[in-house]
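Record features (TrEMBL):
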TRANSMEM  9-39  transmembrane segment
TRANSMEM  68-90  transmembrane segment
TRANSMEM  96-122  transmembrane segment
TRANSMEM  134-154  transmembrane segment
TRANSMEM  166-185  transmembrane segment
TRANSMEM  192-209  transmembrane segment
DOMAIN    291-388  domain 'Methyltransferase'
């Protein structure tokens, strides 16, 4: 085997690996941003595996490496267009989960299969000139080395992955330009080179044209954006005069630019735990501590510091960008202690009887497993003071098993429990997503909310007073929730994601999700 053939084999192998890594990191991120959490569902992995296997086999037995290489470049460069078409056009024609699967196939499965096929084609050609045992031995050594590097140098591997994630598009565009020149030099391959040229031109100009066209007719202004771990944006809505924060395919909070009042009134409900009589008396006797799990735009944190007068408020969130943007654009109090960490890891590390109040709002109800629920609630109980209160937010349908598991665990651990939801019992319909808010206390005394006295009333604006007035009528008797039939969580995950996808699209127009 000559030197040129070896160089070609090594290049195809490295490029195939680059494509696989790029699709797993950037491709999956692009799909998740547009379709929410459809792809955290375990049912996607068999689909992904089958697609990869079929495409790889097709590449190995009936396609040339040149065709595979060209196909990879075209699909990689058209990724953004494919995601936009699947996310905006197809849901209006076919069911959402079908368009999500099509997007997954075009953006992740097929390119990864082609990348693996390119590597296998190179290996098969290399094996014709070299002893097969040498190939098997070399491959085994490489696999063992990769496992060892990943195990002992995980941080460095993550750093390399982030570099690939950041620069893969530029690398692939450069390779496409070189490959196009190569195809032009071959007389019989000029049509392929012209196709590649037009695809390259479209992929380079598409992001700018999309932004220019949509911004011209849009009511939104992009304030800031980060893609370090997930998509986090801060956007100003000129029509409604509000500023909102988006994480992937969810809106986690927003405020009106005038008055800085919350767009969602239920965020004000959390602070009502401070209006329980014994909580008020405790705050006068000793130093008080509160823990907010999940930051959002900081509405709850602001209330705990400025109106509830906690001496220390710790805010934890697993996304550093959320904490940064909440401080920078939504006036998150500098008196709060901000920590980037996982909720359960932090809670389990705390000493007993540390906090008077815990507010847990991470918008992850449909993904709470039973063991997680048990560990979370038992440890929250442990670190709360004797009369401490847990406020827990859960987005769920009334039939979901996770809702009943949480109710059961809260009742078995805490002495007092009440449940509220926006709209009260009338909003609890079969199959409908509902925002449940639980108040659980360690105190022997019944939970009663003295919403405000004359001294408190001076601290509240109109939005807070309206939220408080709707609060008491929104209570739901737990016995009524138990009457609904439980449905296994895995059977409802698709319908939950579908409902969430639709609710977000109803909240804001399609051009918002496409561009911001």
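The backbone N, Cα and C atoms fix where each Cβ goes, glycine too.
For the domain 'Methyltransferase' (291-388), the model gives a mean pLDDT of 87. Taken residue by residue, the domain 'Methyltransferase' (291-388) breaks down under DSSP into 41 helix, 24 strand, 33 coil.
Long-range contacts of the transmembrane segment (166-185) within its own chain (CB-CB distance under 8 A, at least 6 residues past either end) are made by residues 15, 18-19, 21-22, 25-26, 69-70, 73, 76-77, 192-193, 196-197, 199-200, 203-204.
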